[in-house]
């Protein structure tokens, strides 16, 4: 209905429409069925992602089953199902999640020695699709495709009959989809590469030391699987060395980029699980206690990170949603004074409510002294608010912010007649600008007459 918000990445053509189109189609279908209730808009994409994740787990099982045997496959499957990070990530509609699922699907068709169900065409098509969704998907596959190429007898065939046609079809489709929605020809993958690698502008969102993935990233996402992974690497037959190569190579490549996040290396988890399962199977007498240890040690972090940690940013949306039902929706306006993208936006509100949050696009013009809106706000919240809302008519009816900010802006809240209407739990580990709770304040005057 012509309301919504388009982040800066889209204005600069850094993101393609192919992946969001999946969810847009789901939304359109719900709308045509007159079922586009806000709860369904929130849950259906997650359910779709969860179903795909379940399929990917089964694919991993069947791959190991026909490469090894049912027992090893069960162990790998068990390790995969135990992984706290998989629990945490697999239902999220992040491009990293889709990249991981497609990598797992592609793996099941990859021609590893002893594989009878391999299909060059299928696995290359799946990688191509993953690259369209998130260009970084190419990274783990560089050593795998290279190794396949070296082993392949019919090299020319592979390139002419598989790589080139598949590449042309996927890039063509992606280009056409983006042409339709951007209204001009945009090669998103190239822009993405320019931004993240050549200009290294990702640092704007924080930078970490080069060794971060080795010392924190991988150990954290593997969790208690780590000893099994190391043990499995020692035990596994030679033909799986290429999987280990893919893991090490991916972590090395990502280590070169200064902006690092756990989710970036999520696609190497399925590879790691093959080794973990191999280890578990060979523990013989210790297998049961080891399996119990894996399950219990992953259950708590999975439940905690999935259900409790940082839940406030989702819970607060249901409070905002309430404003849609009331007769004063047209007068209500919400200002979210939190670090950028702390909360979802219209997908969790689904009505044309006036909403605004602090912006933080990176500077693409090369201005050395550039400071984004959120940073300007946090350097002097009180001054910023008084300057921004110099006139009472400009004041939002609702303010939302982390508890850590309350003290600093209390005089503004009192003076302009705001009262606290709700407190929402967010996290047990508040850090910097992120508080333990989220407060919702509303303006007394408009609402109570």
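Cβ atoms are placed via backbone N, Cα and C, with glycine included.
Unlike curated records, TrEMBL annotations are generated automatically.
Same-chain residues lying 6 or more positions outside the transmembrane segment (123-146) and placing a CB less than 8 Å from one of its CB atoms are 16, 18-19, 95-96, 98-99, 102-103, 105-107, 109-111, 162-163, 166-167, 169-171, 173-174, 188-189, 192-193, 242, 245-247, 249-250, 253-254, 264, 267-268, 271. Among the features that TrEMBL reports, transmembrane segment is placed at 123-146 (among others).
Same-chain neighbours of the transmembrane segment (158-177): 16-18, 21, 120-121, 124-125, 128-129, 131-132, 148-149, 152, 185-189, counting only residues six or more beyond its ends whose CB sits under 8 Å from a CB of the stretch. Marked as transmembrane segment by TrEMBL: 158-177 (among others).
Among the features that TrEMBL reports, transmembrane segment is placed at 210-230 (among others).
Under the heading transmembrane segment, TrEMBL lists 242-258 (among others). Counting residues 6+ beyond its ends, the transmembrane segment (242-258) has Cβ neighbours under 8 Å at 112, 139-144, 147, 196-197, 200, 202-203, 207-208, 210-214, 217-218, 233, 236, 264-265, 267-268, 271-272, 274-275 in the same chain.
Summarising the annotation, TrEMBL assigns transmembrane segment to 264-280 (among others).
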*With a Cβ cut-off under 8 Å, give me the same-chain residues at least six positions beyond the ends of the transmembrane segment (264-280) that come close to it.*
56, 60, 64, 72-73, 75-80, 83, 85-86, 89, 96-97, 99-100, 103-104, 107, 136-137, 140, 213, 217-218, 221-222, 225, 228-229, 231-233, 235-236, 240, 243-244, 246-247, 250-251, 254, 287, 290-291, 294
